[in-house]
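I have placed the structure first, in the form of structure tokens, so that the comments after it can refer back to it.
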Amino acid sequence: MFEYEFMREAFIASTFIAITAGLVGVFVVSRNMSFLSHTLSEIGFAGASFGILVGISPLAGMIIFTLISSVAVGSLSSESSRREASISAISSLFIGLGILFLSLSSESSSYATNILFGSIVGISSKEVNQLMILALFVIFVFIIFYKPLSFDSFDHIGARAAGLKTRLLSVAFLVTLALSVSIGAQIVGSLLVFVLLTLPGATAKYLVHSVPKLIMVSVGLSLAGVWLGLYLAFVTNWPVTFFISAFEVIAYFLGLSYKNWKLNH
Amino acid sequence: MVFQNLNFQINDGDFISLIGPNGSGKTTLVKMIMGLEKKSSGDLIVDHKQTIGYVPQFRNIDIDYPLNIEQFVRLNLKFTLSPKKRQSDNQLIKRILEKTGLTALKDRPLGLASGGEKQKAYLAQALLNDPKVLILDESTASLDVEVKMQLMDLVAELNQNEKLTVIFITHDYELTKKYTHRALFFRDHELQEVDVKDVSEDMFEMGG
Ligand SMILES: Nc1ncnc2c1ncn2[C@@H]1O[C@H](COP(=O)(O)OP(=O)(O)OP(=O)(O)O)[C@@H](O)[C@H]1O
Ligand SMILES: [Mg+2]
């Protein structure tokens, strides 16, 4: 399949997507932000449609929307349960906006399905380069903040007690989350990018118990999912997102069963 | 409004207990000292802000917590690339684990540690950077007598030999009597200093 240019591009792009999503996903899970990453994908959809409408790239539109909203969420310090209700209200507004922007723009509807459901053919080599740079930026931020972010993500009260700047960490993390949503959506689609951002991290938690191992397993599951998905999508011509989400969901339930089995033995 | 008429001073080398019923504001006061809780009015002057070791009352360390005890204690080290600093950091960790009686347990996942072992690990982490002040928020609650005494003996020793100022929140009459030199009694949103020898058991018995 690598004799095709578009498959090579898709392969490189999804490799970087999977690494960032797997990495960020470990912390999405430990910071209880699965719900927020779901909402960010929906906001990203509105951003992509907005990008199309005003004539900037969908990726740029997504980044703008997800960055602004994630930082806005991060600076709200309200209680988390109240936050969830208001987040879901906001997310329905953004889906509506996304649909509105798309219907106002003159682009064909296949463009819209690509944004929503993902695609392996839509990506150009210029976009691959953009994705790579963004992914490397995310990885760089993680290397810098690795230790305090681990401290804060698994023991928030302790991190505050130790005098860490948890607000700054939270904003830094949300920026990487917004970027991961935006780059992941380019192949997986904004509707299901949160699958890559939550399931591998959640599965890893059932299997291993140290931060480096969590990251390795999560990135591994995420890579396996996108590689297998690309291959199967190429062979069958079915949507890549279907295979990726099917793989991650199966892996999740296998992980869960493994954990339960281990508890009983 | 949590506090009225709050007026007190804590000096270097004090070993002071904060006592009073549930909900009387002890945790809130230390959070204010740490700058983690806002106050609506009044002055609070904290001299050693950078060097307070604080062990909070509640902490969400679940069973899956992904670090062992040594790694957990290490979290409080500043990041460094210098090999020399790393070496001295390793020495520091070794010493603190020894002091808190955790050397044999250093590889145990913190999530699986017992309540007493966890408290020792929290204490070790808080003591790592040689704080001038140590704040313990009910660190001895739910520990058996022996572990309680081990912990308090260690703290008392640091208070004696290294002039560590200790602020100790507790509902434990015996410990207050045995270890602390001053007592601040919280009641009805007011706070009064009582002499430790006048601390009576019924101060711990009244409801909030
Ligand atoms: N963030 C908050 N917002 C509003 N009220 C609060 C908040 N935190 C604490 N309180 C209230 O302030 C009062 C003092 O609480 P605090 O936790 O300081 O009590 P405490 O003396 O530490 O009690 P305990 O012995 O049970 O630990 C309580 O009535 C509590 O419900
Ligand atoms: Mg309290």
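Cβ atoms here come from the backbone N, Cα and C positions, even for glycine.
The feature transmembrane segment is assigned by TrEMBL to A:12-30 (among others).
Sequence annotations record features per position, and here TrEMBL assigns transmembrane segment to A:50-73 (among others).
Annotation comment: TrEMBL describes A:85-102 (among others) as transmembrane segment. Using a Cβ-Cβ cut-off under 8 Å and counting only residues 6 or more beyond its ends in the same chain, the transmembrane segment (A:85-102) has close neighbours at 35-36, 38-39, 42-43, 45-50, 52-53, 65, 69, 73, 112.
Sequence annotations record features per position, and here TrEMBL assigns transmembrane segment to A:131-149 (among others).
Per TrEMBL, the feature transmembrane segment maps to A:169-202 (among others). Residues 10, 13-14, 16-18, 20-22, 24-31, 33-34, 36-38, 40-42, 44-45, 47-48, 59, 62-63, 66-67, 69-71, 73-75, 114-120, 122-123, 127, 131, 134-135, 137-138, 141-142, 145, 148-149, 152-153, 159, 214, 217-222, 225-226, 240-241, 244-245, 248-249, 251-252, 255 of the same chain sit 6 or more residues outside the transmembrane segment (A:169-202) yet have a Cβ under 8 Å from a Cβ within it.
Annotated transmembrane segment per TrEMBL: A:214-234 (among others), in sequence order.
Annotation comment: TrEMBL describes A:240-258 (among others) as transmembrane segment. If one looks beyond the transmembrane segment (A:240-258) by at least 6 residues along the same chain, the residues whose Cβ comes under 8 Å of a Cβ in the stretch are 117-120, 187-189, 191-192, 195-196, 199-200, 202-204, 206-207, 221-222, 224-226, 228-230, 232-233.
Only sequence-distant pairs (6 or more apart) were considered; of these, fewer than three Cβ pairs between the transmembrane segment (A:214-234) and the transmembrane segment (A:50-73) are under 8 A, so the stretches are not in contact.
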